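Copied over from TrEMBL, here are the features:
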TRANSMEM  28-51  transmembrane segment
DOMAIN    44-291  domain 'G-protein coupled receptors family 1 profile'
TRANSMEM  63-81  transmembrane segment
TRANSMEM  101-123  transmembrane segment
TRANSMEM  143-161  transmembrane segment
TRANSMEM  201-229  transmembrane segment
TRANSMEM  241-262  transmembrane segment
TRANSMEM  274-293  transmembrane segment
Amino acid sequence: MGDRGTSNYSEATDFILAGFRVRPELHILLFLLFLLIYTMILLGNVGMMVIIMTDPRLNTPMYFFLGNLSFIDVFYSSVIAPKAMSNFWSESKSISFAGCISQFFLFALFIVTEGFLLAVMAYDRFIAICNPLLYSVQMSTHLCVQLVAGSYFFGCISSVLQTSMTFTLSFCASRTIDHFYCDDRPLQKISCSNLYVHKLISFFLCSIIILPTIIIIIVSYIYIVSTVLKIRSTEGRKKAFSTCTSHLGVVSVLYGAVFFMYLTPDTFPELSKVASLCYTLVTPMLNPLIYSLRNKDVKEALRKSLEKRYLNSTFTVM
C-alpha cells in the first residue's frame, strides 16, 4: 500500500477541486456571489489602505496595524476567490500540483499572520488604554515594524511546516479534493498515508499558533475592561470602549468562523465549506466595514477624501 501510494504521489500532476455540490444551474449564482464578495473585499480593503496612507491624522500605530490587516485580507482572499470563480465555469475544475501547493502555502501564511496581527492589535489597545501617557514611547515606530515583521515571520514558519508536512503525504485514494480550495482536512481524506503523526503535529502547530494569540487577546482585554471600569465618567468609558469594539468584532468574526469550521464533523462536508467561506471571504469583506462604521477617525477621513475628490472633479468640469 505504501509503495502504491508513493508511486501515485510521484505521478500526480494535478488535483480536482470539487467545490460546492450543487446543481449546475446554481453555478452562475455562486459565481456572482463570489464576484460580489471579492469586489467588496478589494474596494473595502484597498480603500482602507489608501485612506490610512494619505491621511496624516491616521499616522498612528493602530492604523499602521489596520493597514497591514487590510493588506493581508486582500492577499489571502485573492489566493482563494479567483480560482474558485474560474472553477464555476470550468468543466475539469483542475488545479495543478504546484498550484495546489502554492495556494495552500500562501493561504496558511496570510491566515496565521492575521491571527498574530490581531494579537498585536489587542496589545496595542492595552497599552493605549492602560498606559496612555507612555503610549507614544512604548509603541514606537521601530517596535510596530518589529511586531508586524514578527507576525509575518511566524506565519511563514508555520506555513512552511504545514505545507511540507501535508505535501509529503501519499495521495492514492483519489485526485478529487472535496472543497473549493486546497485545505488540509480535504487533502487528508484523499491520502493513503498513516495520518497519526500528521494529525499529531497539526494539532501541536494549531495549539502553539492559536493558544498564544487567544491568550494575549483575552489577557489584554481583561486589563482593558478593568481599567475602563475605573473611569468615573460614562462618556469616558464609552470613548475608551469605542477604540476596542471594532477590533473585538474582527476577532469574533474570524475566530468564530475558524472554530466553527474545525468543530464541524467530517460527515457534513458542505457545512464545513460554508464555514470555510466565512473566514476565507466573508471575514475580509466585513473587516473594513466594521472598522469604517465603528471608527470616527476613519469615517471622518473617508468623508474628507470624498469631499476633496468631489471638489477636484467640480473644478475640472468648470
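Any Cβ shown, glycine's included, is placed from N, Cα and C.
Curation does not apply to TrEMBL; its annotations are automatic.
Sequence-remote contacts of a segment are chain residues at least 6 beyond its ends whose Cβ falls under 8 Å from one of its Cβ atoms, and for the transmembrane segment (63-81) they are 34, 37-38, 41-42, 44-46, 48-49, 52-53, 103, 106-107, 109-111, 113-114, 117-118, 120-121, 124, 144, 147-148, 151, 180-181, 250, 280-281, 283-285, 287-288, 291, 297. The stretches the transmembrane segment (28-51) and the transmembrane segment (274-293) are in mutual contact, each linked to the other by at least three Cβ pairs under 8 Å (pairs 6 or more apart in sequence). Long-range contacts of the transmembrane segment (241-262) within the same chain: residues 62, 69, 114-115, 118, 121-122, 125, 128-129, 214, 217, 221, 224, 228, 272, 275-276, 278-279, 282-283, 286-287, 290-291, 294-296, each at least 6 residues beyond the stretch ends and with a Cβ under 8 Å from a Cβ of the stretch.
Highest Cβ contact count with the transmembrane segment (143-161) among the listed stretches 101-123, 201-229, 274-293 falls to 101-123 (criterion: pairs under 8 Å).
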